[in-house]
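Worksheet for the structure shown next.
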Amino acid sequence: MIPLLLSLLAALVLTQAPAALADDLKEDSSEDRAFRVRIGAAQLRGVLGGALAIPCHVHHLRPPPSRRAAPGFPRVKWTFLSGDREVEVLVARGLRVKVNEAYRFRVALPAYPASLTDVSLVLSELRPNDSGVYRCEVQHGIDDSSDAVEVKVKGVVFLYREGSARYAFSFAGAQEACARIGARIATPEQLYAAYLGGYEQCDAGWLSDQTVRYPIQNPREACYGDMDGYPGVRNYGVVGPDDLYDVYCYAEDLNGELFLGAPPGKLTWEEARDYCLERGAQIASTGQLYAAWNGGLDRCSPGWLADGSVRYPIITPSQRCGGGLPGVKTLFLFPNQTGFPSKQNRFNVYCFRDSAHPSAFSEASSPASDGLEAIVTVTEKLEELQLPQEAVESESRGAIYSIPITEDGGGGSSTPEDPAEAPRTPLESETQSVAPPTGSSEEEGEALEEEERFKDTETPKEEKEQENLWVWPTELSSPLPTGLETEHSLSQVSPPAQAVLQVGASPSPRPPRVHGPTVETLQPPGEGSLTSTPDGAREVGGETGSPELSGVPREREEAGSSSLEDGPSLLPETWAPVGTREVETPSEEKSGRTVLTGTSVQAQPVLPTDSASRGGVAVAPSSGDCIPSPCHNGGTCLEEKEGFRCLCVPGYGGDLCDVGLHFCSPGWEPFQGACYKHFSTRRSWEEAESQCRALGAHLTSICTPEEQDFVNDRYREYQWIGLNDRTIEGDFLWSDGPPLLYENWNPGQPDSYFLSGENCVVMVWHDQGQWSDVPCNYHLSYTCKMGLVSCGPPPQLPLAQIFGRPRLRYAVDTVLRYRCRDGLAQRNLPLIRCQENGLWEAPQISCVPRRPARALRSMTAPEGPRGQLPRQRKALLTPPSSL
């Protein structure tokens, strides 16, 4: 028994010896150490864009050595550790300091070397990527010591817009929107700090100082940075408080608990609201979700939020969740980042419960990827270029299209679109069929080029890949801004055909576009317009009115002839005969050339034709009755002996031109004999002009100061006008043909800056609408203009055809030329003119068979007796009846 006890005692002594020996060695080491570095905190929190002091003090364990024993200053080194990276921030010895270039002007040792025991670091302009571990090391002689602390930078900047439209907030509305989602409007310093941390967003948004900016990491043709070709925060400067933009919001603290609710079958928006209320919570706001993501929340499950959006936070992205970048992902209906899912679709929900412990979120929720097969992001770049420095640039753009794919088909989907703002990246080769869930409609769409990039807090990363996409149920509609009545709804998609039926709805500042070769769109209750267009994506008009069916392709004008022999006319083949009108035939004919004679000139006194509205004669009480002009609607006042007379522009009549004889089409606005329609969709000058021509119009021409004020005040955007010098440098012409009778150039314009191809003209609305010449490939909004009176397609003749491609409408005084078919000879005048009453002149051309060469030689025979012509020649010169 005793030997057993002795052996156990010996074993116990042996096991305790190493620990005791280690403690003795540690105690001896501490006694030998001259000093110890202490930070005194396990974690520090800083605010985005602010400054943070990281304390670090040197505690001497024995009296410090004399200067003779340890000459010089201690060496101080601060190091940043994040993952596997270790970066020197600062190294200092006395007055000699070496700072890493990435931290230049941002770090300092405020007390050192005046105090050798205080080596605290101050880090300013905090960025999101400043979060990590900071290590403080001090070395003096042969002694050294170090300590570390974790730093967390809280606060996140994100772009916010409501689902109805882009650029919908005034400055006051932007502040209210951020407050409504549990955030506040960001400051310029916060946005700049987010940019320095890698944030990029190609959308112009309000900031707290009433400026409009957006951050760009990779300048490109779609989005420029601080300067031409350089990254930075693009700054529009201080703009008017009533201008409309998106807003950059800032969220910081989450004063409560945010958790994911994922019941079986998922929830509609109203069911999601009730789900949170039953658990003593409420639907989380967008700002709260961003704050939770900034605090570490990672959920690969789209869920409802209070504003009707569907989002999910990703910290660790993967191919099936988030693409390749972290951030809060948002599901949109349309490529221009608008349209939230229908509230009848089913998703999970993010709930928020107030708590006494801030910055807490539930980790005990259901699995992160419950029921989620994949999250696919489909993106197409929307091109937008900046304006030169003199004319503040146009709004920037982005394009993000996120579609969840679920097993039960209830996760929602979307209608693919082809953004007209990016015509330079055709992707017709990347097409595939879309597989719909059970019970939903079928659609054959076009898969856009994919980028693994979402709406928020990440840098774009392109990756071409095709995926199968679900289609949104037919109940979905495109949300419209407040005050707009009707909605667009999609129905069944037909098999491949050659037309796209499109429906116009109530006027929208940015009308949606439906893409696909065969999309059938149902018209909502009320009036609308229905147009048949060729295969391809076309813009849905926003006008309302009685239905109008047209079969003429809306294509660009092309040189060449188009036969009018076959096919019925779109208008009745009747016209009012008005007799022969002599028109000078151009010496050099050009196929498809339209000759305009200035119908858009309102103030120019032009003698009316027989069919024009002359107006009456009013008795003048005294001279000078034309100042101010009593004539309405752009009429010209002429003083006469017995009074004055008003010459009315086409479409108006009456003594004072106050009687409307013609009216603009639905969706077009009248002014002084012309109709105008504004498009907020950004296009290059050539694309905008082509779109206007497809509508039977042109980019607006400005012929009077009154017209300048109308266009600039009515449509308060940077916009193209029809003026250009694309043909001859310095020779500016209007695209619709009238002479240049009025100018409103900015000082120093046009300048064709360094011959950089500034051949098109933009109206800068905030500078009283003054004009500047800019490159034609900028993407701006535009206004189309057509005459109040116009003619339809020209009369069809069986043996003749019109030069050029027929159009839907022709302006008054447009002159067209017929030519006879091959083998026929032309007789009589081949020209017709569009009259002021909207009818074409009666064609006078006659086409007869050509005579053989022998018959032509006989025509040159000498005259017969008494000066008479040969009978055969006389018969040939007898004009035939009109064909």
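Quick reminder: no glycine exception, Cβ is built from N, Cα and C everywhere.
As recorded in Swiss-Prot:
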- CYS56-CYS136: disulfide bond (DISULFID)
- CYS178-CYS249: disulfide bond (DISULFID)
- CYS202-CYS223: disulfide bond (DISULFID)
- CYS276-CYS351: disulfide bond (DISULFID)
- CYS300-CYS321: disulfide bond (DISULFID)
- CYS626-CYS637: disulfide bond (DISULFID)
- CYS631-CYS646: disulfide bond (DISULFID)
- CYS648-CYS657: disulfide bond (DISULFID)
- CYS692-CYS784: disulfide bond (DISULFID)
- CYS760-CYS776: disulfide bond (DISULFID)
- CYS791-CYS834: disulfide bond (DISULFID)
- CYS820-CYS847: disulfide bond (DISULFID)
- 156-251: domain 'Link 1' (DOMAIN)
- 256-353: domain 'Link 2' (DOMAIN)
- 622-658: domain 'EGF-like' (DOMAIN)
- 658-786: domain 'C-type lectin' (DOMAIN)
- 789-849: domain 'Sushi' (DOMAIN)
- ASN129: N-linked glycosylation site (CARBOHYD)
- ASN336: N-linked glycosylation site (CARBOHYD)
- SER413: phosphoserine (MOD_RES)
- 389-574: region 'Disordered' (REGION)
- 859-883: region 'Disordered' (REGION)
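The C-beta environment of CYS56 (disulfide bond), restricted to residues of the same chain at least 6 apart in sequence and closer than 8 Å, consists of VAL37, ARG38, ILE39, ASP118, VAL119, SER120, LEU121, CYS136, VAL138, ASP147.
Cβ environment of CYS276 (disulfide bond): GLY261, GLN282, ILE283, VAL349, CYS351, PHE352 lie under 8 Å away, each six or more residues apart in the same chain. Ranking the recorded positions ASN129, CYS249, CYS657, CYS820 by the distance of their Cα atoms from the Cα of CYS637 (disulfide bond) places CYS657 first.
Distance noted between the C-alpha atoms of CYS776 (disulfide bond) and CYS178 (disulfide bond) is 37 Å.
Put simply, of the recorded positions CYS249, ASN336, CYS631, CYS760, the one whose Cα is nearest the Cα of CYS202 (disulfide bond) is ASN336. Here the Cα atom of CYS178 (disulfide bond) is found 21 Å from that of ASN336 (N-linked glycosylation site). For the disulfide-bonded residues shown (CYS202, CYS223, CYS300, CYS648, CYS657), fewest C-beta neighbours within 10 angstroms: CYS300. Long-range neighbours of CYS692 (disulfide bond) (same chain, six or more residues apart, CB within less than 8 Å of its CB): HIS698, LEU699, TYR782, CYS784, LYS785. Ranking the disulfide-bonded residues CYS136, CYS321, CYS351 by other CB atoms within 10 A of the CB puts CYS321 at the bottom.
Across the domain 'Link 1' (156-251), DSSP assigns 19 helix, 32 strand, 45 coil. Minimal Cβ crowding within 10 Å, among the disulfide-bonded residues CYS178, CYS249, CYS631, CYS637, CYS791, is found at CYS637. Annotated pair CYS631 (disulfide bond) and CYS657 (disulfide bond), C-alpha to C-alpha distance, rounded: 6 Å.
For CYS784 (disulfide bond), the count of additional Cβ atoms within 10 Å of its Cβ stands at 25 [all protein chains shown].
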